[in-house]
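This report concerns only the one structure given below.
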Amino acid sequence: MCGISGFINKNLSNNKKQALITGLRELQFHRGPDYTGEWNKNSFAHFFHQRLSLIDGNSRSNQPFFNDDFVLCFNGEIYNYLALKQYLPSVNFVTTSDTEVLFQYLIHHGIEKTLRDIQGMFAFSFYDVRKKELYLVRDRFGIKPLFYVNNSEIFAFASESRTLAKSLKIKPDSYKTIMSLNSTLEGSSSYSLFNDIVKVKAGTVVKIDQNLEISESYYYKLSDQVDAKYHQELAKKPKAEIVKEFDTLLSKSVEEMLVSDFPMGSFVSGGIDSSVLTAISKKFQPNIELFTADIVGKHSEYNDSLALANHLGLNLKKTEFQPEDFLKYWLTATEYNAGPIVYFTNGVPISRVANLARENNVKAVICGEGSDELFLGYSKLMAARYKKALLFPHEILKKIYKIYPALNSYLFPSDSSNLDSFNVRLANAYKSEMLYEKGADLYSFVSKKEQKYYLDSFEMMQKHLQALLYRNDRMGMISSIEVRFPFLHEDVVKFGLNLPLEYKTRWTTQLHNKKHPFITDKWIVREISKKYLPESLVAKKKNGLPIDGLNGVQISKEFFKNGYVANILQLDDTTLDYMMRKENPYFIGKLASVELFGLLYDYELSNSEIQQKIDKYCTMKK
């Protein structure tokens with residue numbers, strides 16, 4: 001993983017241009033500490049690259065790659081780059097990197113064919129010097145980030161919105177910032193919290209022509225991977241054959257994603273997804289290092305991670321995460337997140353695991369994201385699917401409730417009237433309505449009863465997964481760690497989108513998850529895991545690296561006084577008093593995250609000033 005950036009100068013003053021150049025050179029150093037390179041042409045076009053070297057660490061593979069006609073700045077990995085070399089018989093390669101293969105493929109085959117043929121995770125800029133045309137490209141699932149800003153003075157792009165905001169003195173949009181209380185930032189396909197800074201959407205090409213006109217086109221749509229014929233082919237196969245096919249696809253993905261000239265690691269939580277990926281990884285990298293966070297207290301899953309390491313005979317390194325560590329690293333996580341830490345507060349301990357990996361000379365790790373979205377691993381979806389079945393017979397259900405009271409809250413959530421839950425319900429209502437209006441025919445080849453669950457999975461791939469990928473990129477890159485996702489290989493995704501529902505969820509006599517007893521989620525993932533893991537890990541319920549996070553923070557009213565949130569919401573002392581008394585602690589914690597973001601990016605206070613405020617007015621519950 002690297003950092004890429006650049007600009008095309010329209011009418012930027014010299015002072016602003018120098019500030020921009022300095023920012024693009026320096027603000028993404030954490031994304032690529034091994035080398036910083038740049039290319040420019042008559043002060044019109046200027047491109048930068050910060051390198052995190054993983055394939056061919058030799059200086060010959062430093063970027064930007066360029067010749068007299070083209071310039072490439074590339075962030076990511078092309079997994080099938082060795083196979084693509086055969087389609088470049090006339091090229092005399094001078095490196096062993098995937099970057100050179102991509103560069104030559106673009107030159108010889110053009111952008112459209114290149115994007116059809118390459119597999120991997122990537123964001124890159126490709127500039128045609130003679131035509132003065134710039135292409136910005138983002139991978140199919142939005143794993144690698146890419147942002148741009150376009151105004152009368154400049155067209156500029158960067159791997160992080162933070163880079164553009166600081167370099168061009170762009171302020172956050174206060175309305176979007178407040179709306180981020182509903183976690184709209186992380187899951188957005190196209191916008192940031194900053195005025196005029198836009199995300200390049202997953203699976204798209206943004207073209208800037210010689211007249212500086214911008215156009216956007218899709219080269220990949222997730223909906224195009226939904227295939228009735230493939231679904232029917234899978235439905236006709238015997239169970240054993242489907243399980244074997246999935247094992248083959250996932251193993252191939254893991255093997256490709258372990259390609260590196262430097263040590264690789266694995267982030268493990270003790271859950272089924274990271275465990276099975278790690279077990280498969282051992283086939284290809286027998287001494288792969290494991291890293292985990294021990295969330296000290298009731299949420300600790302360290303023993304599960306240790307059981308995995310012992311079973312595989314691998315070395316496990318841990319970082320202890322005490323409750324008070326959340327306050328210690330909250331601000332840094334907010335800064336690099338370029339948005340409030342609202343929903344995925346476990347990003348804070350993830351950043352510490354990344355730091356641990358870097359301290360042990362590991363540059364890249366594999367991670368289990370994508371499995372839950374593809375194979376229905378979320379408890380509320382499972383409870384919803386079997387809601388009617390669980391309501392009958394009534395007497396049996398009442399007995400189940402006594403044994404598993406948590407199930408009741410998932411099937412029949414309380415109707416809280418506070419502002420936070422109201423906003424969430426409202427947003428979800430509109431979101432669901434839009435989804436089913438636009439996508440009801442996407443899975444028209446399955447029964448009406450099953451359509452909703454396929455569409456829920458499809459929606460999570462586009463929204464929830466985006467939030468997870470955003471989190472993992474930002475928190476990993478604080479410590480210059482690349483995160484790779486074997487469940488998000490193109491072939492695995494197509495398989496998952498078309499897999500018959502019976503291979504995702506099934507009834508079971510086991511009671512391993514109180515949130516949906518008698519239901520096995522991610523059935524096919526658990527089934528292949530039996531080949532690699534002990535039964536205790538195969539049956540492991542999903543916890544998702546839980547921490548108390550914002551629920552555990554006690555915040556004084558003085559934290560908000562005369563601050564960013566009070567100014568936007570026009571909270572006087574009386575109103576602030578009322579809010580602190582009436583709103584639940586989690587909502588107050590989310591407001592505090594917004595406050596930190598506003599103090600950093602709007603008020604531009606120093607980190608030390610803001611940390612002093614945290615230390616003075618925030619504590620963790622005992």
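Just so it is clear, glycine is given a Cβ too, placed from its N, Cα and C backbone atoms.
Per TrEMBL, the features are:
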type	residues	note
ACT_SITE	CYS2	active site, for GATase activity
DOMAIN	2-211	domain 'Glutamine amidotransferase type-2'
BINDING	ASP98	L-glutamine binding site
SITE	GLU369	site 'Important for beta-aspartyl-AMP intermediate formation'
Whole-number Å value for how far the residue listed as 'active site, for GATase activity' lies from GLU369 (site 'Important for beta-aspartyl-AMP intermediate formation') (Cα to Cα): 20
CYS2 (active site, for GATase activity), number of other Cβ atoms within 10 Å: 27
Chain-internal residues, separated by at least six, CB under 8 A from ASP98 (L-glutamine binding site): ILE55, GLU77, ILE78, TYR81, GLY120
Integer mean pLDDT for the domain 'Glutamine amidotransferase type-2' (2-211): 96
In three-state DSSP terms, the structure that GLU369 (site 'Important for beta-aspartyl-AMP intermediate formation') belongs to: coil
